[in-house]
Structures are given as C-alpha cells and as structure tokens.
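Note sheet for the following structure.
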C-alpha cells in the first residue's frame, strides 16, 4: 500500500483528485452562503481558509509531482488539514456546548499583509454567529462534517508522507 501511495504521489492524478475535492467543498460553502443565504461565522471563514490551504497543496503537487516541490505540497497539506481539524473541532464544541465564555470573535482577524476579508469580502467576510446551528445533514452540523473531512485529509496526508520513505518498484 505504501508503494502504491508513493507511486500516486509522484503522478498528477492523485493531486488533481485532491484539488477536485477541495474545489467541490469550497463551491459548496459558497453555495450555502450565497444561494441558501446561510451566514458564515468567523470559524467558518477560518475553516474555509484551511480548505484553501489543502487546495493550494494540491496545486503545488500537480505542478511538479516528481520534484522536491512534492515535499512542500505534502507539508502544506498536513499543516492545512491539521489546522482545519483543530478549527472544526473548536467550532463543533462551540455549537454542542454553547457558553457565554466560549465564543468566537466578531470579525475575522487576518494579518495586514493578507487581508483576505478586504480583498474578497464575498468569500472571506464573516456575518454569522459561531454558536448558531444553521444547517444539518444526517444529524450532523456543518462543523461536525468538517471534522470528518479534515480528519480524512490528515490521515491520507500522513500516509502519503510515510509512503515517501518506501521505494518505488
């Protein structure tokens, strides 16, 4: 299995699949926001940024999968998936255990050199409350789904990282 993952990581198909999954998830988020009129909260925006990190890792990987750039893509993938998992878990806890002491910020807080909410407010501006449950599918709220999604990204990324130390046949 590890040799297979190593082989896949050195081809473009697996990276394109990762790009496709991230694009579908980002498109779903924009559909929820602009068509279904669900208001994204600060945590939703941060989770969206983590998903863009996974998307960026896929783009890096597809550019040159047989070069050391692949290692940078894998590291970005792990970093983004881990960050997204932490954010989704924290968001889930806010929704499952609401408390006046456990709230999210009123506004997104990006660094001045990366003011995404000012550059593209239709995608990165938060207008909702993190503790409000707006959407449910199969008894799970959106942050709970994201916990599973980011956990899956993280597990696959860790396996791909480990597979890099197995030689290709």
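Backbone N, Cα and C atoms are what each Cβ position is placed from, and that goes for glycine too.
According to the topological domains annotated in Swiss-Prot, residue 67 and residue 142 fall on opposite sides of the membrane. Less than 8 angstroms from the CB of residue 130 (disulfide bond) sit 41, 42, 43, 44, 91, 94, 95, 103, 104, each of them six or more residues away in the same chain.
The topological domain 'Cytoplasmic' (164-169) scores a mean pLDDT of 72 in the predicted structure. In the shown protein chains, 27 other C-beta atoms lie within 10 A of the C-beta of residue 44 (disulfide bond). Long-range Cβ contacts of the transmembrane segment (50-65) within its own chain (Cβ-Cβ under 8 Å, at least 6 residues beyond either end) map to 9-12, 14-16, 18-19, 22-23, 25-26, 29, 72-74, 76-77, 79-81, 83-84, 87, 150, 153. Note on the disulfide-bonded residues 41, 104: the fewest other CB atoms within 10 A surround the CB of 104.
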